[in-house]
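Per Swiss-Prot, the feature pheophytin a binding site maps to Y126. The Fe cation binding site feature in Swiss-Prot is assigned to H215, H272; the stated evidence is sequence analysis. Residues or ranges marked as quinone binding site by Swiss-Prot on the basis of sequence analysis: H215, S264, F265. The phosphothreonine annotation in Swiss-Prot covers T2. Here Swiss-Prot flags T2 as N-acetylthreonine. Annotation comment: Swiss-Prot describes Y161 as site 'Tyrosine radical intermediate', evidence class sequence analysis. Annotation source Swiss-Prot lists site 'Stabilizes free radical intermediate' at H190, citing sequence analysis. For 29-46, 118-133, 142-156, 197-218, 274-288, the entry in Swiss-Prot reads transmembrane segment.
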Amino acid sequence: MTASLERRESASLWGRFCDWITSTENRLYIGWFGVLMIPTLLTATSVFIIAFIAAPPVDIDGIREPVSGSLLYGNNIISGAIIPTSAAIGLHFYPIWEAASVDEWLYNGGPYELIVLHFLLGVACYMGREWELSFRLGMRPWIAVAYSAPVAAAAAVFLIYPIGQGSFSDGMPLGISGTFNFMIVFQAEHNILMHPFHMLGVAGVFGGSLFSAMHGSLVTSSLIRETTENESANAGYKFGQEEETYNIVAAHGYFGRLIFQYASFNNSRSLHFFLAAWPVVGIWFTALGISTMAFNLNGFNFNQSVVDSQGRVINTWADIINRANLGMEVMHERNAHNFPLDLASVEAPSVKA
């Protein structure tokens, strides 16, 4: 009888825990994805802050030339970064217990791998938590689908690209100038500006910003006034009201006359689907582009495409970009390579006696 009561009590304890985890009445929804999300994101954030402040220099290129990234080792907010794991480690899983000492782990850039892997797991769980909360509330799942775009982009630069290049040392550093360095080196080695998927991503981000500004300004400019001229239009509304706060017909009429009739949406669902889909699809394509360039399927190469009747090259912008790429590649890892890989890969002319 005692065992039966204990079992029933423990079952109810587990049941109460499950109810609390999945309750939509909590101020912040936890969910089963949150059970994994919270510790992983807390770990990634804590280690990032500590390492950004105090981590010793990291031998990123594996050539015994450590690079400083933390504030206590001479950096500021702009130049500071979490330096990627050493090329000597490559793609090996490198937790603290795999190193001979904590000093060795820090020297080889162990914190970068720890932060990145916990962060990716955490943001993936955040996406799952968005779906889970939508499901509990009877909503459709598109919020999580939209969030998949930045998750895919993060996975591309922190995981897929290092896998394709063979080392976590090629991942994006976790800092401002480190991000710019990653972008410059990526352009030098993969010609990303000439990749159509990157072009689609640029159109998605800039187009999304434009459409967001247009939509917000149109809505704000076509509010249905519920107040007199002597008080703010904002005073005529309450949060969560069922009635529409703006006149979409007026906004449609304005924009249709500003551009032309069919450039404007007169259906709210179509409009908001477009506003969500445009940047999301663009960022999906960018993530896909990074993931293909990770395996060296690079941007278009139009170098020396135009020649005159004598066979002399007439430079185009493609050749100017190529020269810039070579210059950037020369400066990258300057002590690890004697000259750019593009030049090193050219077959030497045969010398006959």
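Note: Cβ is positioned from N, Cα and C throughout, glycine not excepted.
Across the structure, S264 (quinone binding site) and H215 (Fe cation binding site) are spaced 11 Å apart at their Cα atoms. Looking only at Cα atoms, H272 (Fe cation binding site) sits nearest to Y126 among the recorded positions Y126, Y161, H190. Put simply, of the recorded positions H190, H215, F265, the one whose Cα is nearest the Cα of Y126 (pheophytin a binding site) is H215. Residue annotation for quinone gives H215, S264, F265. The furthest Cα pair among them is separated by 11 Å.
Apart from H215, S264, F265, the residues listed for quinone, the same chain places the Cβ atoms of M214, L218, A251, H252, F255, N266, L271, F274 within 8 Å of the centroid of those Cβ atoms. Counting only the Cα atoms, the space from Y161 (site 'Tyrosine radical intermediate') to H215 (Fe cation binding site) is about 36 angstrom. Long-range Cβ contacts of the transmembrane segment (118-133) within its own chain (Cβ-Cβ under 8 Å, at least 6 residues beyond either end) map to 24, 29, 31-34, 36-37, 40-41, 43-44, 47, 139, 141, 143-144, 147-148, 150-151, 154-155, 158-159.
Counting only same-chain residues at least 6 apart in sequence, those with a Cβ under 8 Å from the Cβ of H215 (Fe cation binding site) are L271, L275. Straight-line distance linking the Cα atoms of H190 (site 'Stabilizes free radical intermediate') and F265 (quinone binding site), rounded to a whole number, equals 39 Å. Sorting the recorded positions H190, H272 by the number of other Cβ atoms within 10 Å puts H190 first.
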